[in-house]
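Dropping a structure here in structure tokens format, bear with me for questions.
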Amino acid sequence: MNTTGSPAEAPEACQQLAASGHSQLIVLHYNHSGRLLGRAGPEDGGLGVLRGLFVAVSSLVVLENLLVLAAIVTRMRSRRWVYYCLVNITLSDLLTGLAYLVNVLLSGPQTFHLAPASWFLREGVLFMSLAASTFSLLFTAGERFATMVRPVAESGNTKRGRVLGFIGLCWLLAALLGLLPLLGWNCVCAFQSCSSLLPLYSKAYILFCVVIFACILATITVLYGAIFRVVRANGQKASRHPVRRKARRLLNTVLMILVAFVVCWGPLFGLLLADIFGSNVWAQEYLRGMDWILALAVLNSAINPLIYSFRSREVCRAVLGFLCCGCLRLGLRGPGDCLARAAEAHSGASTTDSSLRPRDSFRGSRSLSFRMREPLTSISSVRSV
């Protein structure tokens, strides 16, 4: 299919389509990038079974994060900085799943019925949610580093205000990053500077995003590397077996975070770099891989709750208590079983909460202040002043 016309006519037609906001502008860019090669027309190319699989992946991400978010908000009594970090990560991953679901449902033939502004919004919200997720991981790693390696004395209100301020900054930067193409940083009618994988996105913008995400990955690696060394050193010095076991648990969590992030995001970075510096012929040869690679990056939002939440006994109790109450209301479990499980969770949570009270251990005994505590999720439960 070829709808671009002659080289001399294409720019004029493109400018007219851009001025009117016509959906034909998307067809023009997709055709120029080669995305329509081998297809009978824009209406051809539905994803079929593959599309259904991507919808299932996004639905899994949404339901999983929605469950964890509801359990944290309704069942956890702690309101330390860890709580806000967990809510922030879960919320960003929930938005990622929703954005990816909308992206999949509006892809295929529906793409060519979108106005250019709608296309930029479709892609921009997904970029924004992915950026919010990675910024949240970076912020959480920074807070863990500050708590465990460089503790600073500050009041609870000051700590809470600073955490909330940085969370707001994360979302502001993510929104700005995702909406830059809609605000003007795009390649509309500048075909030579357009990406082959995202035909209306400028290669310069994609390179900018890749550099930012690569810097975030490097920073997260450095921060968790420092935490890894501190925890390993403390575990080796500890004489008691429970302390060494807790240290190993936290080390395993740190390694899981790094491996999941690299495995899920590495292929997307590589594909985008190849799109920027490679030829259109190469991009078309590996174009189908983009769907799987993007799904892999989104899948990181399904892995995050498993690492950040379900490795914490407190959050596990909150999720089990939430599910138990839901089953009880639906009549799927006996009241006795549910009440027993809830009492067990409440008892365990009380033990956990007692170790997290602000500075109680410092008031009671000096030795307790240096005792290693059970890590709350991948984020350390070591209390900063």
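Along the chain as shown, the residues are counted starting at 1.
From the backbone N, Cα and C atoms, a Cβ is placed for every residue, glycine too.
Heads up, here are the entries from TrEMBL:
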- 64-308: domain 'G-protein coupled receptors family 1 profile' (DOMAIN)
- 53-74: transmembrane segment (TRANSMEM)
- 81-105: transmembrane segment (TRANSMEM)
- 125-142: transmembrane segment (TRANSMEM)
- 163-185: transmembrane segment (TRANSMEM)
- 205-230: transmembrane segment (TRANSMEM)
- 250-272: transmembrane segment (TRANSMEM)
- 292-310: transmembrane segment (TRANSMEM)
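Can you tell me where each of these features sits in this structure?
Non-local neighbours of the transmembrane segment (53-74) in the same chain are 47, 83, 86-87, 90-91, 93-94, 96-98, 100-101, 104-105, 291, 295, 298-299, 301-302, 305, 309, 315, 318-319, 321-323; each lies 6+ residues outside the stretch with a CB under 8 Å from one of its CB atoms.
Away from its own ends, the transmembrane segment (81-105) comes close to residues 47, 51, 54-55, 57-62, 65-66, 68-69, 72-73, 122-123, 125-126, 128-130, 132-133, 135-137, 139-140, 143, 159-160, 163-164, 167, 170-171, 174, 294-295, 298, 301-302, 304-305, 308-309, 315, 376-377, 379, 381, 384 of its chain (Cβ-Cβ under 8 Å, at least six residues beyond either end).
Remote same-chain partners of the transmembrane segment (125-142), defined as residues 6 or more beyond its termini with a Cβ less than 8 Å from a stretch Cβ, comprise 85, 88-89, 92-93, 95-96, 98-100, 102-103, 166-167, 170-171, 173-175, 177-179, 209, 212-213, 216-217, 219-220, 223-224, 227, 257, 261, 265, 297-298, 300-301, 304, 308, 378-379.
Listed by sequence, the residues of this chain that lie at least six past the ends of the transmembrane segment (205-230) yet keep a Cβ under 8 A from its Cβ atoms are 127, 131, 134-135, 137-138, 141-142, 144-145, 148-149, 177, 180-181, 185-186, 195, 198, 251, 254-255, 257-258, 261-262, 265, 269, 272-273, 275-276, 380.
Listed as Cβ neighbours of the transmembrane segment (292-310) (distance under 8 Å, sequence separation of 6 or more from its ends, same chain) are residues 54, 57-58, 60-61, 64-65, 68, 72, 86, 89-90, 92-94, 96-97, 100, 130, 133, 137, 140, 253, 256-257, 260-261, 263-265, 267-268, 271, 316, 319, 377-379.
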